[in-house]
Amino acid sequence: MKLKQRVVLLAILLVIFIFTKVFLIDNLDTSAANREDQRAFHRMMASLHVELDPRLDHTLQSPWEIAAQWVVPREVYPEETPEIGAVMHAMTTKKIIKADVGYKGTQLKALLILEGGQKVVFKPKRYARDYIVEGEPYAGYDRHNAEVAAFHLDRILGFRRAPLVVGRFVNLRTEIKPVATEQLLGTFMTVGNNTCFYGKCYYCRETEPACADGDIMEGSVTLWLPDVWPLQKHRHPWGRTYREGKLARWEYDESYCDAVKKTSPYDSGPRLLDIIDTAIFDYLIGNADRHHYESFQDDEGASMLILLDNAKSFGNPALDERSILAPLYQCCIIRVSTWNRLNYLKNGVLKSALKTAMSHDPISPVLSDPHLDALDQRLLSILATVKQCTDQFGPDVVLVEDRMTLSHL
């Protein structure tokens, strides 16, 4: 064989070797990542049921100190949290030492300070579990039980971007009124035999108070994030106009995602994928009201999109508002880890997992069966949407590998 032919043959063999090696390495990496996703899913399923137990492993720390140490730029709480039951027990039982109006926002809530100085946001019950909220997908009052359900869905999806939420019954006469500020106290009234209050907010009206059953009011409490992690508010790129006859650009421009990708902080880093994760989360819970979102301040797009204020959810189980998924079907990208988790949750697993996760809550049952059934149906719609994307663009384009190392030091 001539020297030239030998060189060409060696070159061909070298190319084949390199491509084979790269292919094998890629497959091994992908398989390893997929195996880790599966292990993480099994760990989550094994820890679904949380007993509200006051005992702490760290006896020298309060539950509030432990929860504060959990927070890092990409997580509100870590994957393994043996103390989560103790923190949630404290949230639902610790003495209320101060109660004030919730100043910001459009919906009725109260700011409570619990023994030990921990702030929580209290949202009162406004609807029965089987009440159907008609009209626009963002219509109606906040739903306290939606906050509880959304927190547990955040756990199940493996996002860990929602602050802790638990149900709580409070006695307005003995627990709230004696420690209430004058501003909150001034909004109390009696309707029939029930103690009520209407608070202070954009839509708060004396004619539309939240009323207890006698003196006992059911609600949810959301753990306030540590003050050392100040929040920055952003306008959601897929936000609605909330004006009849006026559409947002994303509602008529099919190439809108291309424009978003050229805009900071969506042109680099994890933020756009966080937006798509959030669209999936919001579609599952029926939340079409995320016009703004929060991240940690001065993060330059690196921290997570925090899943705050999920109470405009679970209003109508028969309404599947597909426009919530616009970031997904317009951008046609999704994290591989999110895609894997969604696939593990099909065939009724999601409904069963959420029902189990919420079973410990003081206000259980948190959701009616139609809402749980709707979750499984909406999951199928998400999976079908991603399949349409992969059919059009190919899985290599649609499925994005983005696993960020998270540290809890």
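A Cβ is built for glycine as well, from the same backbone N, Cα and C atoms used for every other residue.
All annotation found in TrEMBL is predicted automatically rather than curated by experts.
What TrEMBL records for ASP289 is active site. The Cβ of ASP289 (active site) lies under 8 Å from the Cβ of PRO137, TYR138, LYS312, each of which sits 6+ residues away along the same chain.
Taking the Cβ of GLU294 (ATP binding site) as centre and 10 Å as the limit, one finds 18 other Cβ atoms among all the protein chains shown. The ATP binding site feature in TrEMBL is assigned to GLN107, LYS123, THR222, LEU223, TRP224, LEU225, GLU294, ASP309.
Sequence annotations record features per position, and here TrEMBL assigns Mn(2+) binding site to ASP142, ASP309. Within 10 Å of the C-beta atom of ASP142 (Mn(2+) binding site) sit 26 other C-beta atoms, taking all shown protein chains into account.
Marked as domain 'FAM20 C-terminal' by TrEMBL: 188-397.
Mean model confidence for the domain 'FAM20 C-terminal' (188-397) is a pLDDT of 96. Between TRP224 (ATP binding site) and ASP142 (Mn(2+) binding site), the C-alpha separation comes to 18 Å.
Under a cutoff of 8 A between CB atoms, and with a sequence separation of 6+ in the same chain, the neighbours of GLN107 (ATP binding site) are LYS123, TYR141, ASP142, CYS201, TYR202, TYR203, ALA311. Cβ contacts within 10 Å of THR222 (ATP binding site), excluding its own Cβ and spanning all protein chains shown: 25.
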